Structures are given as C-alpha cells and as structure tokens.
Amino acid sequence: MTKRRIGIALIILLIVIIAVAAWALRTPSSPFASSDQVDTSTAELLKQGEYVARLSDCVACHSIPEGAPFAGGLKMATPVGNIYTTNITPDNATGIGTYSLADFDRAVRKGVAKDGHRLYPAMPYPSYVKLSDEDIRALYAWFKHDVKPVSQENKPSEIPWPLNMRWPLAFWNTAFTPTDSWQPKVGQDEQWNRGAYLVEGPGHCGSCHTPRTLAFNEKGLDDSSEHFLAGASLDGWYAPSLRGDVNTGMSRWSEEDVFTFLKAGRNQHGVVFGSMADVFNNSTQYMSDDDLKAIAHYLKSLPAGSNNQSQAWQYDGSTMSKLTLSERLKTPGAQTFMARCSSCHGADGRGQAPWIPPLAGATSMLVDDSSSINVTLNGSARVVADGMPDAYRMPPFRKQLSDKEIADVLSFIRSSWGNTGTPVKQETVTELRERTDPASSNVIILQMR
C-alpha cells in the first residue's frame with residue numbers, strides 16, 4: 001500500500017511538473033494577436049514611434065559606430081559569455097520585416113522572438129513590459145515604415161553549451177518578468193505618474209542602477225522596493241543610487257539639477273560618463289522638457305534606503321595643507337594629483353562646473369571605486385549635445401600612470417576634502433586594466449535614419 005501511494009504521488013508530481021513546464025514554455029499572449037494591421041497613414045503615429053524609440057534608447061544597443069542604424073552587432077559581455085545585439089531593421093530575411101504587431105509585442109514586452117526562442121535578459125523586457133499598447137503600436141509602425149531595411153546576418157552568441165540553451169529562460173521569465181501592464185499609482189499626481197512610467201518602463205533605468213541577484217534579475221522593478229535604483233556594479237562601472245540616499249545618492253540634487261543633467265549632460269555636481277554618456281547622447285537630450293521634469297520629479301520622490309548614511313558630506317579645506325611642495329611628497333598620491341589632476345579639477349577639488357566636475361563630494365568618490373578607476377584608466381567618451389561635441393573630456397591615463405600610481409592618487413582623492421571613500425587597491429586597478437579598453441576620443445553620433 002505504501003509503495004502504491006508513493007507511486008501515485010510521483011505520478012501526480014510528474015503531471016504537475018509537466019503542466020508547469022508547458023505553461024512556462026507556452027507562447028505568451030498579446031493584445032494584438034487578432035489585430036495585426038497598423039494604420040500608418042498618419043505622420044503623428046510615426047512621430048510618436050520615433051519618440052518612443054528615443055525614450056527606449058533602442059539605437060544605443062542595436063547600432064554600432066560606422067554601422068547601419070539598428071542593424072545590430074554590438075558586443076555585450078555577460079557573466080557566461082559574450083552576446084551580440086540583433087538586426088531590428090525591417091529586412092525580411094535578417095531583421096524583423098516579417099514580424100506582425102503581435103510578434104513585435106511579444107519580443108519587446110515578453111522576451112520571445114517570432115520563432116519562439118527566448119531572448120537573453122540583456123534585452124530589458126522586464127522593463128519594456130510596462131510600455132503601453134499605444135507606445136508599442138507606434139514603435140512598431142515606426143520600425144516597419146521609417147527605418148531602412150538592412151540585410152545583415154546576426155552574430156551567434158559566444159556562450160558555451162549547455163549555458164547557451166534558451167528554453168530555461170522561459171522559467172526565468174516566469175519567475176522574474178512582471179505580467180501586468182503599468183498602471184498609474186493612485187494618490188500620485190500626473191507628473192509623478194508620467195515620470196514613473198518613463199523611468200520604470202521605456203527608460204529602463206533599473207537595468208543599470210538596480211542591484212541584481214545571483215539569478216541576474218533586478219532586485220526591484222518599481223518604487224515599492226527599496227532596492228529599486230539603489231546603485232549597482234555593471235561592466236566595470238558603478239551606476240550610483242538614484243534615490244535620496246545621503247552622499248551615495250541624490251540627496252544633494254534638486255529637481256532642477258536632475259533636469260539639467262539629463263538635458264545638458266552636466267550640472268554643478270557632475271558630467272555624464274561611462275554608459276551614461278551613451279544614454280545622454282542617444283536618448284535623454286531628445287526627450288521633451290515636460291518628460292525630463294517628470295523624471296526628475298519622480299526620482300526625487302524616492303526615499304533613501306535602509307543603508308542610508310546619517311552624516312552628510314561637508315567640504316574640508318584642510319586637504320590644501322597636504323598639497324604644499326614639502327607636504328605632498330610625504331602623502332601617497334598627492335604629488336600625482338598635483339601633476340595630473342589639479343590643473344582641471346583644481347587643487348581645492350571643486351572643479352569648474354558645469355564643464356569639469358568636482359572631485360570634492362563627488363558620488364563616484366564616496367561609493368564603489370570601479371567607476372573612478374575605470375574613468376582614470378580609460379577616460380570618458382565624448383559628450384555630444386545638440387550635435388556639438390564637448391570642449392573638455394577626461395583623458396585616459398593607462399599609459400601615463402602605473403597601477404600603483406592610479407591606486408595611490410585615487411585613494412588620496414577619495415579621502416580628501418571631506419570624501420569618505422574607501423582606499424583603492426592596486427590589484428583592483430590591475431584587474432580593471434586587463435578587462436577594459438580606453439574610451440574613444442572620436443565624436444560618435446548614432447543615427448536613427
């Protein structure tokens with residue numbers, strides 16, 4: 001009798017497993033499944049679609065310098081191997097030319113390609129799932145009718161077998177991708193809700209600024225989680241907290257500061273660099289003022305996390321005494337700072353805002369050291385605002401300075417003028433030197449047409 005019960009239990013368990021697997025592996029539904037025709041007769045719809053493409057920053061990942069717009073080919077490093085972005089032009093053979101509106105919707109919001117294979121979550125569909133039906137329809141119309149088709153085969157991923165099998169991603173999607181569309185939050189005003197939609201949805205800010213678990217899912221997808229936008233390490237950079245955290249977040253930024261940063265690429269606190277330079281160059285500067293103000297309004301509403309520091313940064317001018325000719329020879333990093341950094345950032349560390357950012361009180365000097373190491377080694381990409389490249393950029397110092405010199409000068413900066421960053425280890429600089437490359441000094445503008 002006991003064996004019979006065990007057998008029955010195993011059969012039931014097997015049935016449950018099969019049912020769960022079948023449900024997870026099913027083709028996701030789409031509200032457009034029975035209505036694939038899109039009215040493209042109006043310029044208004046196409047204009048909206050182009051704007052949604054800017055909001056979503058599609059061009060930054062699906063284009064490469066000197067390449068055709070949206071033809072793919074950008075290499076993206078993942079913990080298990082390199083992948084390459086795909087051709088999303090309306091080419092019938094190599095792009096999305098044969099995609100119906102429902103196919104397009106499933107790819108963008110559900111992470112499932114037309115042939116049924118699952119997309120890697122480097123495609124931010126856990127955020128794009130919040131795009132409205134109207135924005136999806138407009139985006140589809142624009143890609144189908146205003147983007148030039150390009151015949152270019154997609155590059156295969158370099159993820160080794162068996163990790164390159166896609167079907168397990170169906171279970172990842174089931175566990176970590178929201179199923180509900182975005183809804184306005186009751187009790188919040190129209191501007192806040194617009195900002196929430198842009199940040200949580202098309203802007204996919206959490207893809208970089210939210211920490212992830214070992215399963216590579218974001219720890220939070222909206223303002224209900226204190227982990228959402230709390231800062232995260234990614235590809236040799238540290239994307240800082242966008243919450244109200246003291247020192248490590250945006251507690252000292254006003255809504256106007258956030259607006260200016262996204263509109264001009266710089267403000268009194270800093271200048272875009274790293275991946276944020278791409279976001280500015282290709283996306284935020286093209287957003288409407290109303291949308292940028294909505295984003296700023298929403299971000300400034302996010303409270304500090306539970307690890308918030310209690311004491312706010314305050315400028316300490318005593319560092320100047322360490323920079324005299326006699327004293328700086330006694331302090332590791334001080335001589336290098338005066339020789340390599342002070343002419344732009346100032347001996348007082350205050351910079352020349354908004355063109356040259358301050359080092360005193362800079363968030364990058366108060367948090368994880370990867371960004372400060374990376375930008376010192378490799379410099380920053382060109383910031384291009386309104387078609388005009390920046391007059392000043394951070395140059396790379398990987399050839400001029402040894403790993404020890406970089407560790408010493410950054411440790412000096414991170415502990416000066418009231419900064420409370422941890423010292424930089426030489427081996428950390430060595431490791432980042434080996435796996436990163438210098439930023440291009442060329443002016444790179446990714447075209448959408």
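Cβ coordinates come from backbone N, Cα and C, glycine included.
Because TrEMBL annotations are produced automatically, they should be read as predictions rather than curated entries.
Annotated domain 'Cytochrome c' per TrEMBL: 44-147 (among others), in sequence order. With DSSP states grouped into helix (H, G, I), strand (E, B) and coil, the domain 'Cytochrome c' (44-147) comes out at 45 helix, 10 strand, 49 coil.
TrEMBL lists Cys58, Cys61, His62 with the feature heme c 1 binding site. There are 21 other CB atoms within 10 A of the CB of Cys61 (heme c 1 binding site), with all protein chains counted.
Positions annotated as domain 'Cytochrome c' by TrEMBL: 190-303 (among others).
Among the features that TrEMBL reports, heme c 2 binding site is placed at Cys205, Cys208, His209. According to its DSSP assignment, Cys208 (heme c 2 binding site) is helical. Neighbour density for Cys208 (heme c 2 binding site): within 10 A of its CB lie 23 other CB atoms from the protein chains shown.
Annotation comment: TrEMBL describes 328-417 (among others) as domain 'Cytochrome c'.
Sequence-distant neighbours of Cys341 (heme c 3 binding site) (same chain, 6+ residues apart, CB-CB distance under 8 A): Leu359, Val409, Ile413. If you look up TrEMBL, you'll see Cys341, Cys344, His345 marked as heme c 3 binding site.
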Item checked: Distance [Cα-Cα, Å, rounded] between His209 (heme c 2 binding site) and Cys344 (heme c 3 binding site) -> 28
Next item on the list: Enter the number of other CB atoms within 10 angstroms of the CB of Cys205 (heme c 2 binding site).
Entry: 22
Notebook entry, point to check: Can you list, in sequence order, the residues of the same chain other than Cys205, Cys208, His209 whose CB lies within 8 Å of the CB centroid of the heme c 2 site?
Noted result: His204, Gly206, Ser207, Thr210, Leu229, Ala232, Ala239, Leu242
Note to self: In the three-state scheme derived from DSSP, which category covers Cys341 (heme c 3 binding site)?
What the structure shows: coil
Checklist line | Closest of Cys58, His62, Cys205 to His345 (heme c 3 binding site), Cα positions, binding-site residues only | finding: Cys205
Checklist line | Rounded Cα separation (Å) that holds between Cys205 (heme c 2 binding site) and Cys58 (heme c 1 binding site) | finding: 13
